[in-house]
Amino acid sequence: MAGKARVHELAKELGVTSKEVLARLNEQGEFVKSASSTVEAPVARRLRESFGGGKAAEGAAKAPAKAAAKGDAKTAAKGDVKAPDKALDAALDNAIKAGGNGEAAAPPAQPGGTATTPAAQATPEAPARPGPAAARPSAPAPGQPKPPAPGQPPRPGATPGPRPGPAPKPAARTPRVGNNPFSSAQPVDRPIPRPVPRPGAPRPGAPRPGASPGNMPPRPGGVGGPGRPARPGAPRPGGGRPGGPGGRDGGGGNYRGGGVGASPGGGGGFRGRPGGGGGGRPGQRGGAAGAFGRPGGAPRRGRKSKRQKRQEYDSMQAPVVGGVRLPHGNGETIRLARGASLSDFAEKIDANPASLVQALFNLGEMVTATQSVGDETLELLGSEMNYNVQVVSPEDEDRELLESFDLTYGEDEGTEEDLQTRPPVVTVMGHVDHGKTRLLDTIRKANVREAEAGGITQHIGAYQVTVEHDGVERPITFIDTPGHEAFTAMRARGAKATDIAILVVAADDGVMPQTVEAINHAQAADVPIVVAVNKIDVEGADPQKIRGQLTEYGLVPEEFGGDTMFVDISAKQGTNIDQLLEAVLLTADAALDLRANPDMEAQGVAIEAHLDRGRGPVATVLIQRGTLRVGDSIVAGDAYGRVRRMVDEHGDDVEEALPSRPVQVIGFTSVPGAGDNLLVVDEDRIARQIADKRSARKRNALAARSRKRISLEDLDSALKETSQLNLILKGDNAGTVEALEEALMGIQIDDEVALRVIDRGVGGITETNVNLASASDAVIIGFNVRAEGKATELANREGVEIRYYSVIYQAIDEIEKALRGMLKPIYEENQLGRAEIRAIFRSSKVGIIAGCMITSGVVRRNAKARLLRDNVVVSENLTINSLRREKDDVTEVREGFECGMTLGYSDIKEGDVIESYELVQKERT
């Protein structure tokens, strides 16, 4: 039917009942209500195919099949080489008479191994077939005699006998008119012949069925030599190309119509290949026609581009790291910031971060793509891929960051004429309690020492004092550094920011560890040293001894022929203070060129910073070059802001600060770190961008430093329970917090306990700190600060411990004791006594009772015991559950007495020995 069809009409056409049609439609997934319902043309076509085309098609298919069978029989009987053409003509005539739209079933395979092609679609306008041409002999199969050449009589026995062909397979169905539901030309209720299986398999690469366009008639072949006869094997499905002179099979569509020289049969295959047209792999199917006239079969594989070939070659040459193929470098240098992640590394080398993660995992390192990775890991991974990974130092990274904003730090702008003389910056260094702050108090005529907790300096201070020298008032800037061992970083910062160092040594105490450390800091910064031998008024003072000790460290006095100035002073009595200041100025004038440009943008260093309740973040800044003014946009480390106010050491407001001038700057949005460089920029936007990038870099570096590396070999031990003490540090200024953190992280106890600082900050303890401590099970350490507002109440409710300290070494000692208390205890075995089993008694209530004689020591109830048999341990970790002496329960039995005991163990024999012991906990150090 051309369009839709009703179910009862289809049933009548197919010769079945409507119920059978409805059932078949339901099997195909088409749910139709009744026999009067209509179905679409594609559904009707599939239904006809499922029923085999109906009775009319069966009748139409039988006639050509019989004719083809008769033709095959005659061919086999007569052995005429023209028989295939006659059989083909008969099949075509029968198909046209049957009205099957030119379609006819393919004849079965001939017994002699000659296969015929299926009848193609014919049209009334098809041209007349030319006479059959002389057939060429087919190529012999392996193992068969070669057929005689044309024109020669066959030799006896040379003709191959009949050979059974392969099992018939269903042929690939060719598209017919009406298969396309979108086509306007639909057939009008014409029976469709049932496809007949054809032997053999299609030849790979042959034209697919229905590949020729529509119902075009076959083109006649050109005039040429004799056609090639069909070779043994399966027919080649579909139409071939038009036959040329002496050429191959011709014909368009599904009809292998031949021109002059076209072969009559459909034999396929290349010459000399056994099996003919079916000569592919066994069981290989031929390609089917595509939908709506599109050529079917597998798509053509296009030629690869140069880029694809290059990518394949690079992937083949890529190194395999840990079983993962990674990009291959050419030895180029990859610059990565400290604390970079694998994603940063992958972005530099254009690789997949997941492959780097897998490679490191196979190498024994477990990290994620966004996790900060240590420098050694990055360098190892880069060397495996032939990359030279260079981890940029924080100084270089900060310089590159400033250069991206067209800024520089550490250089004076302008010419020599722009440079002006500036005051010297002097740092007072030395061992704790040797009189550094008392010396500065004497110079400033102040009393800073009494304000410090414990009498030791825990802050770094900066002051400017005017001294008269040769009748001229000359300012000198002093920086006071702590002498306690915990403040190494502060002393290092003071040495870097100074011009001259005053080394204070107590005449009665001598050279101490922090004295040596101060010498090393000053020499590393290439700073001249003036030695002040203090406490010469104290009993037992020996200044000459101090000079001899310092000679060992390269500080040779001038009276010994050296170049180091020594001044004997008494800070408490004020003795020789003027001589010390004169020595400082002489050293500055003789050895240093102290000049700076005051007309440039200010640059300096934040010596100290703290959070003031009323003023906010306050930073003590030492201006090194340029002039800092109120209203300037500044950035120091990861803090930025605008100068709202400047205060000197006396508390007076200052409008501008010249080089070597220490001032307190108010206006930062956050507390800068101690030792951060201060820089004046043009806009607040630039300052904010620089601070944000520095903050991100600082977080990455901190994460990389705090991450504990766990290898696969150490995974088992890492998964075991490890005690960890989490701390939150809050202090009154940034330098103290930094020093406290470094001192705490330097505590070395054991691998079983670990110390982790999860947060640090400047200012009072807030509710946010308490919530973080509650979530992470941490202890809050407050150094010279207290809890704010409702933080104390929240801490009591959440069970968070807050410890307050004002002296740094007290905090260090208590944290160290807490870490030691977290160590797992060690138990030492203490032998009590031995008992020999003399008799065994059995009781229904208590079980087996061992009658023993105490041979040595004492045996106690509830003590641990082990059972020995012939001096071999039979059972370990037993407990003496009950102990009796005659009829009385006793707690212990001494040597030489008999007793009865139960061990909760039944495998005991006479002669066994019970060894009693106890475990004593031993304190770990």
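Backbone N, Cα and C atoms are what each Cβ position is placed from, and that goes for glycine too.
The model shown is predicted, which means the values in this text are computed figures rather than measured ones.
These come from Swiss-Prot:
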REGION    52-84  region 'Disordered'
COMPBIAS  57-68  compositional bias 'Low complexity'
COMPBIAS  69-84  compositional bias 'Basic and acidic residues'
COMPBIAS  98-138  compositional bias 'Low complexity'
REGION    98-326  region 'Disordered'
COMPBIAS  139-169  compositional bias 'Pro residues'
COMPBIAS  193-207  compositional bias 'Pro residues'
COMPBIAS  236-296  compositional bias 'Gly residues'
COMPBIAS  300-309  compositional bias 'Basic residues'
DOMAIN    421-592  domain 'tr-type G'
BINDING   430-437, 480-484, 534-537  GTP binding site
REGION    430-437  region 'G1'
REGION    455-459  region 'G2'
REGION    480-483  region 'G3'
REGION    534-537  region 'G4'
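Positions of Swiss-Prot features highlighted on the structure.
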residue	record	Cβ within 10 Å
G430	GTP binding site	28
D433	GTP binding site	17
K436	GTP binding site	27
I536	GTP binding site	19
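Same-chain neighbours of the region 'G4' (534-537): 434-435, 439, 504-509, 543, 568-573, 575, counting only residues six or more beyond its ends whose CB sits under 8 Å from a CB of the stretch.
Reduced to three states, the DSSP call for G430 (GTP binding site) is strand. DSSP assigns K436 (GTP binding site) to a helix. Mapped onto three states, the DSSP output places I536 (GTP binding site) in coil.
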